[in-house]
């Protein structure tokens, strides 16, 4: 439902209306005045805040379900509830956002902006080597050969792959750091440190990983901007889509590599007593006694919540410090130039002292990465939607204050949707289904418990012993003691029949889970039209009136007018573009 936009504020201009009724903390529970935002900032900024508000509202049921599951406990009955719910939640969220986006694009008259109205970028026009005829507008425009652009895109892709390899190298270094730290702490004379050696190594490793993530992000964003300019994209939308895709691929690996390692690889290649596997001479990491899901939840909280706190502190403090420094610098220049400081300055002089607007890319990136954390790893951290909801309530007002009060008014830009970000969200949605299916099947004890109840004891008596294997006799004799470790292996270290039975069950679970969720998502996609019926009727009505106007024009000007308008008539018969 679209909220009413009739804010009555006599004596206030558009910026003051937004400051009074939108960019204030006490307005956190009010609808955003999107039409006012659009009139003042343009469609691109308004669509961002529309999406952010829509996403935040949809986090409410996700946060409620995740909190309920966390409070009830991780019993088998509730262990896969947040996973299945979030998979369907992501499908419905994107389907209903398409409807919301189509409604706003029609209301703001920008449904066909990218296909018909968008003009070449000034930077492209200045650098393009030739001119060519635009088949849509019929005008000569700057042109860059597609083959040359393709070669540049491929070269840029090589650079992206190299940067991803750098991230993987840092991930390996973090793995080695955790292993070495666990060994050093376990040798301490302090019994408390020794008992918590694995946790201390994991926590400090997460903090170090977050620092690496933030440093590499700054470097790569600057590099991606240079590469995208070199690729010579014609329009601003295509330029931003190419830049966004490059940065997101890097940031995806940067932020998600460590959680993916913990979720799917840590503890899988340890070996067994007497035959442990090593990496660069250091024994591979094992999961703690409680399993890797607890460590994964810890990693998510450190990266996701830590990143949100750092970003919010930066958005509060850095603009104030930059604004103060810019005012001091500008006033010192005036004094040096001998200009008199008038008591009352014109509003545009005060606005010039504000910070330049840095655009929406960082805002979108922060929210989309958060969406990935919320959906991809919800099986390990059901409280992730709650933390995301609390952060977004703050984020909306922080961004509103930044655009209205702390930065210069950006040049208004048109847009018909949120661009490639929607396709990235759709990709994360599919990845979330696959990720959570493997998490439930391979990283949790849901299926081993179900298998034990079905094959051994329904009350789970003896389940812990069932999950423990005995060390090979040679190892026990050499160390003069017996040893139990968590694995499904025989006494000689080979995988047991139970392991292979469970592997088949796990793979079958993944296949069934994915097919069920994707099938339900496909049904929901068919049941929820991309364009609301009311908007579709209005579009058809406008198309009908346009044809009527064309027919009247042909009748008014006769055969000559009809002949001149024949190409337009043929185009109209092809049907509406909406």
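Just so you know, glycine gets a Cβ as well, placed from its N, Cα and C.
TrEMBL labels come from automatic prediction, so no person has curated them.
Among the residue ranges 318-342, 343-367, 418-442, the one that TrEMBL annotates as transmembrane segment is 418-442. Of the given residue ranges 153-180, 265-292, 461-488, TrEMBL assigns the label transmembrane segment to 153-180. Residue ranges 18-44, 45-71 are listed, and TrEMBL annotates 45-71 among them as transmembrane segment.
Listed ranges 200-223, 512-535, 536-559; the one TrEMBL annotates as transmembrane segment is 200-223. Residues 47-48, 51, 79-80, 83, 86-87, 90-91, 94, 97-98, 101, 237, 240-241, 244-245, 248, 263-264, 293, 364, 368, 371-372, 375-380, 506-507, 509-510, 513-514, 517-518, 521 of the same chain, all 6+ positions outside the transmembrane segment (418-442), place their C-beta atoms under 8 angstroms from a C-beta of that stretch. Over the domain 'Anoctamin dimerisation' (12-34) the predicted model carries a mean pLDDT of 84. Contact between the transmembrane segment (45-71) and the transmembrane segment (371-394) is present: at least three CB pairs lie under 8 Å, with pairs separated by 6 or more positions in sequence. Away from its own ends, the transmembrane segment (153-180) comes close to residues 201-202, 204-205, 208-209, 212, 216, 220, 223-224, 227-228, 230-231, 242, 246, 249-250, 253-254, 257-258, 261, 279-280, 282-285 of its chain (Cβ-Cβ under 8 Å, at least six residues beyond either end).
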